[in-house]
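**Student:** Okay, here's the structure, questions in a sec.
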Amino acid sequence: MVTVGNYCEAEGPVGPAWMQDGLSPCFFFTLVPSTRMALGTLALVLALPCRRRERPAGADSLSWGAGPRISPYVLQLLLATLQAALPLAGLAGRVGTARGAPLPSYLLLASVLESLAGACGLWLLVVERSQARQRLAMGIWIKFRHSPGLLLLWTVAFAAENLALVSWNSPQWWWARADLGQQVQFSLWVLRYVVSGGLFVLGLWAPGLRPQSYTLQVHEEDQDVERSQVRSAAQQSTWRDFGRKLRLLSGYLWPRGSPALQLVVLICLGLMGLERALNVLVPIFYRNIVNLLTEKAPWNSLAWTVTSYVFLKFLQGGGTGSTGFVSNLRTFLWIRVQQFTSRRVELLIFSHLHELSLRWHLGRRTGEVLRIADRGTSSVTGLLSYLVFNVIPTLADIIIGIIYFSMFFNAWFGLIVFLCMSLYLTLTIVVTEWRTKFRRAMNTQENATRARAVDSLLNFETVKYYNAESYEVERYREAIIKYQGLEWKSSASLVLLNQTQNLVIGLGLLAGSLLCAYFVTEQKLQVGDYVLFGTYIIQLYMPLNWFGTYYRMIQTNFIDMENMFDLLKEETEVKDLPGAGPLRFQKGRIEFENVHFSYADGRETLQDVSFTVMPGQTLALVGPSGAGKSTILRLLFRFYDISSGCIRIDGQDISQVTQASLRSHIGVVPQDTVLFNDTIADNIRYGRVTAGNDEVEAAAQAAGIHDAIMAFPEGYRTQVGERGLKLSGGEKQRVAIARTILKAPGIILLDEATSALDTSNERAIQASLAKVCANRTTIVVAHRLSTVVNADQILVIKDGCIVERGRHEALLSRGGVYADMWQLQQGQEETSEDTKPQTMER
């Protein structure tokens, strides 16, 4: 019968870590299994939200072999199963070869922890395979990798088996194979080495997550691909593709193109390393002071130690490095780096938005796009700050603390710190993930409550009409009560989190303090060591109090960053072809040849449109609304690319030249002129931003608006207001004409430029437009036919086709569509003239 003896082979503590030319087996098989178990638990915690959110209906419709590769995955599954079973086999081997000798307790603990860690790895492998099959079933495929947690778990296992080789010459290990027990343990080590090495290599390859060589066919009756993709995108875990997100983020950490800021980054990282050293040195000097006071050391030694301690404390700050000189210096230096990163991201997004097509902008709400851009910029700088200067330093402090206590105190202290910190982080992440749903529900209800109040106040008159004040107050009260109920859950869960953290801190401090006090009474440690332990532990725990906040903020920032990167992934619809050259403008001959075009709905807006505008001529486009007249102008300006056919200017296909050169030769006067919230002078100067004040005034005089501008108290420096609301419709049109005059293009496009004006303003604007269009190729989209009677050619567009073409007189003589439109408009104008006196008489 096998009995269980002391924790280690020899009576005493786990340490020292190194003895008899090798690592202590007791120390090694306590630290490694505990580390692997903590990593496995943490990986499971991070995987659970992902598992919970990614379980859509119909995700299991694939057969076992229809997903990613199965043959290498079976091998990976077998190795993971062996990794979970081998520790128990090793324990059985120990029991079978013990020959009545007591079995050290650490072997039992190591076997259980190693098996549980292996089981965590096995479960994660199965879950990730299942998630890969789900995404494939939903028609989504990206570059798959195992999660960082699983890879780290397998890496640590393989590294631990290699670490055992440093004890090759130690008689405590099984390398000599002197008896049956050592031979069995050596054989099991070889098997573990092969298994862990195989899992490490296969983990990097991830065969169970890679696609088959054939193409998967998804039956339409079984899968709604479009809805599945939307659902998956909305429900996927924040931590999915964590490594890819970190790589994207790391690109903004290093300020490319600025050697000075790169040096600042290196200095900041060096200061961060100095803070880690200070967090170790401050408790050590505090311990030395206590020991010197206990030993009644000379005043000189005590004064020097106290002075050094206070100086280090000044550098460190209030115990956590958050307000010390080093931290403040790092924060000060980082301001420029943060501004550089923010500026770079903002300009990247803004430039990309201007490269996207008109089709994309018409389908998006500008406020939503700008909100994504703002949040994305803040998320990049916030993530860099949280990860680089909060999370990573905190984890580094924990690792340094574990190593320090294991080496200079006892391995038990390192184990206590490790277990407490692991439990602390795990519980923080679990509870934070759990309470996220309360926070989300509270935010949703807060928006609903605010919307209820806004809606009631906006409809103030309606509330008064129906004497519904008490009803509205009651509805608002119910919304507040519902919000406060959710707020209570969120606040209560935060209290639970804080109390859980406090409990873990207390248990860890109690265990370590009792052990430290015991060693002090045994005269293995000094009184100062007890003080050092308590100071160091509290110092480690203080930044961890904010770890839940960091975790939640990192989640939020990752979501915002994903939205920003999704925005940056939007393809530019209209692109310059590789090698495209500038437009060689000559006289302005425009040709449309068999042009077909359709918007996103698939319905053809233009069908086989062909026409030619000779240099200096005016072409008018008329027809009912929605016929495709404005679309022709947008195609010529290349807001869209045509489906088929060809558009040429001076014999050059406009799709073969750069967009900038094309648009530099075209001036547009739209129906609704939108002005920038700037001065009148700057709005006119927008036609050519390098123009001087004299040129701006000359353009305004040519457009007939100079006198109106000078009538304003501030003249050309008058602010036009948002979207030019301080100016009348006629004044805004004249500003647009002045812009076009200043641009001096070779081609003019008039998109119903006077249709929104009254008759007197229209006639005045027409006179200004005639000056602008003189000797320039002009295309006019007209609603009032009387404005285009002098056009060199008139095209009648109906349902995307040219149904008639010719001059005004010729079209009237045909008695077709144009003649009917003319008669209808003439009748409407006569009716309008007849009713004016009657209206005046009333």
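Placement of Cβ uses the backbone N, Cα and C atoms for every residue, glycine included.
When I checked Swiss-Prot for this same protein, it listed these features:
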type	residues	note
DISULFID	Cys8-Cys26	disulfide bond
REGION	1-236	region 'Required for ATPase activity'
REGION	1-205	region 'Required for the lysosomal targeting'
TOPO_DOM	1-26	topological domain 'Lumenal'
TOPO_DOM	48-72	topological domain 'Cytoplasmic'
TOPO_DOM	94-106	topological domain 'Lumenal'
TOPO_DOM	128-147	topological domain 'Cytoplasmic'
TOPO_DOM	169-185	topological domain 'Lumenal'
TOPO_DOM	207-263	topological domain 'Cytoplasmic'
TOPO_DOM	285-291	topological domain 'Lumenal'
TOPO_DOM	313-375	topological domain 'Cytoplasmic'
TOPO_DOM	419-499	topological domain 'Cytoplasmic'
TOPO_DOM	521-529	topological domain 'Lumenal'
TOPO_DOM	551-842	topological domain 'Cytoplasmic'
**Student:** Would you please pick out, from the disulfide-bonded residues Cys8, Cys26, the one with the fewest other Cβ atoms within 10 Å of its Cβ?
**Tutor:** Cys8
**Student:** On the three-state reduction of DSSP, what should I expect for Cys8 (disulfide bond)?
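**Tutor:** Going by the DSSP assignment, Cys8 (disulfide bond) belongs to neither helix nor strand, so it counts as coil.
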**Student:** State the residues, same chain only, that lie 6 or more residues beyond the ends of the topological domain 'Lumenal' (94-106) and have a CB under 8 A from a CB inside it; answer 'none' if no residue qualifies.
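**Tutor:** For the topological domain 'Lumenal' (94-106), the far contacts come to 1-9, 14, 25-26, 29-30, 179-181, 184-185.
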**Student:** Translate the DSSP assignment of Cys26 (disulfide bond) into the three-state scheme.
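**Tutor:** Where Cys26 (disulfide bond) sits, the three-state DSSP reduction gives helix.
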**Student:** Across the topological domain 'Lumenal' (521-529), what does the mean pLDDT come to, as a whole number?
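**Tutor:** Averaging the confidence scores along the topological domain 'Lumenal' (521-529) gives 88.
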